[in-house]
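Taken straight from Swiss-Prot:
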REGION    61-84  region 'Disordered'
MOD_RES   Lys140  N6-(pyridoxal phosphate)lysine
BINDING   Asn171, Gly275, Thr276, Gly277, Gly278, Thr279, Ser353  pyridoxal 5'-phosphate binding site
Amino acid sequence: MAFASPSLRLLPQSPLGRITSKLHRFSTAKLSLFSFHHDSSSSLAVRTPVSSFVVGAISGKSSTGTKSKSKTKRKPPPPPPVTTVAEEQHIAESETVNIAEDVTQLIGSTPMVYLNRVTDGCLADIAAKLESMEPCRSVKDRIGLSMINEAENSGAITPRKTVLVEPTTGNTGLGIAFVAAAKGYKLIVTMPASINIERRMLLRALGAEIVLTNPEKGLKGAVDKAKEIVLKTKNAYMFQQFDNTANTKIHFETTGPEIWEDTMGNVDIFVAGIGTGGTVTGTGGFLKMMNKDIKVVGVEPSERSVISGDNPGYLPGILDVKLLDEVFKVSNGEAIEMARRLALEEGLLVGISSGAAAVAAVSLAKRAENAGKLITVLFPSHGERYITTALFSSINREVQEMRY
C-alpha cells in the first residue's frame, strides 16, 4: 500500500489546487487585456490597457493622446486558442466547488504539528496529530460516523425510525450526537452523573436525551442502564462502542494512513490514550502493518487504569493488548499540568487526555535510545470541552472575580 508524499498532495479538486488554477487562468486572461508599446524615452516596454486603444479608435485618439492617423479598420481579434480534451477536463475539475454535502464529510484529515517549547531535554522529535480539530472537536467524531454508517449498511438502523442508545463519558456521545443530528436520528445517552456540565450542555444542544447514572458505578453503570433502555424502547439500537469493530476499523482505514502519509513513513513511535481501545488498536495496527518496527505506546490514567495498577477500570473488548509495546501510566496532576503548558507554550488548547499523551511522548523523547527518532502523539480532544474541570479551575476563579 503506497501513499503520496505531502509534496504531491495538491490536486485540482483541493481548495488550493482550485485557487492556483483559477489564478493562472485569471492571469492569462488579464494579460490579454493589455497591449505593449515601446516608449522612445525608455528602454522599457510600457503596458497599456487594450481598452485605451479601443477608446482611442472610437474617439480618433491613441492612448498617448495624439490624433490617430490610421483610417484603416482594425483587424479582428485572433480566435481563442484551441484547448485539448485533457485541458478542458482539468478546467472543469478546477471549477468544482469545495463544499461538503454535509458535516460528516468534514471528518478526518486532521493536521499534524511539531511540539517545540515543551520539549526541553528531548532527543527525539515529537509531532502531534490534532484530532482536536475535528468538526465536533474530538477523535470520537470518526467512530461516531463509522458506527452509524456500518449499522446503516447492515440494515440495522434507519434514519427517523431507529432510536440510538449509547453509554458514554462524553466525547463518544458527542461524536454520535452530531452525526445523528445530521442524519435524522433520535439519540439517548447514558452517562455517570460525575461528567462535567459542558458535555451535558453540548449533548443537549445537539438534541440528545441524557440519562444520568450513579457515579460510583462508573462507566459500567452507564452501560447497564443503556442495555435496560434498549430492552424497553421500541426500535432501539445500541452500538456498544467497546466491542464494536467499526471503532477500530475507522482508525485502521483513516487515522493510521493519515499519519503514515503525513510523516512520509518516517514515524518511529506512536503514542495514544487507551480509552475504548479503538484509536490505539486501529491506528497502531495499521502503522505496524506498514513497518513492524514501529513502537505503539498506550497511555492510561494511573488513578484508574484498565491494564495495569491496583484500580482496574472497564477493559474494552476491542483493545488488542498484544499490540502495545509499552503502557504509560500518567497521573491526573501530570496530565493537567502538561495540558496547561501546551496552551501557554505551544498555543494548543487541548484536553486532559492530550496532556497525558504529551507527558508520555516527552518522556519517551528524552530516552537515549530514541535520539533522532520521530514520535507521533495523538491529541484526542479540544480544551474547550474541559472549561469547568480542574484543568481551568484557577482561570475560572480568576475570571469570575474580574470587575470593571
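The backbone N, Cα and C atoms fix where each Cβ goes, and this holds for glycine too.
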Site extent for pyridoxal 5'-phosphate (largest Cα pair distance over Asn171, Gly275, Thr276, Gly277, Gly278, Thr279, Ser353, Å): 15
The residue listed as 'N6-(pyridoxal phosphate)lysine' and Thr279 (pyridoxal 5'-phosphate binding site), Cα-Cα, nearest whole angstrom: 9
Neighbourhood of Gly278 (pyridoxal 5'-phosphate binding site), C-beta criterion under 8 angstroms, separation at least six: Ile143, Gln241, Asn247, Thr248, Ile250, His251, Pro316, Ile318
CB-centroid shell, 8 A cutoff, pyridoxal 5'-phosphate site Asn171, Gly275, Thr276, Gly277, Gly278, Thr279, Ser353, site residues removed: Val139, Lys140, Thr172, Asn247, Ala272, Gly273, Ile274, Val280, Pro380
CB within-chain contacts under 8 A for Ser353 (pyridoxal 5'-phosphate binding site), separation at least 6: Gly273, Gly275, Ala335, Pro380, Ser381
For Thr279 (pyridoxal 5'-phosphate binding site), the number of other Cβ atoms found within 10 Å of its own Cβ: 28
Pairwise CA distance, Gly277 (pyridoxal 5'-phosphate binding site) versus Lys140 (N6-(pyridoxal phosphate)lysine), rounded so that it is a whole Å: 12
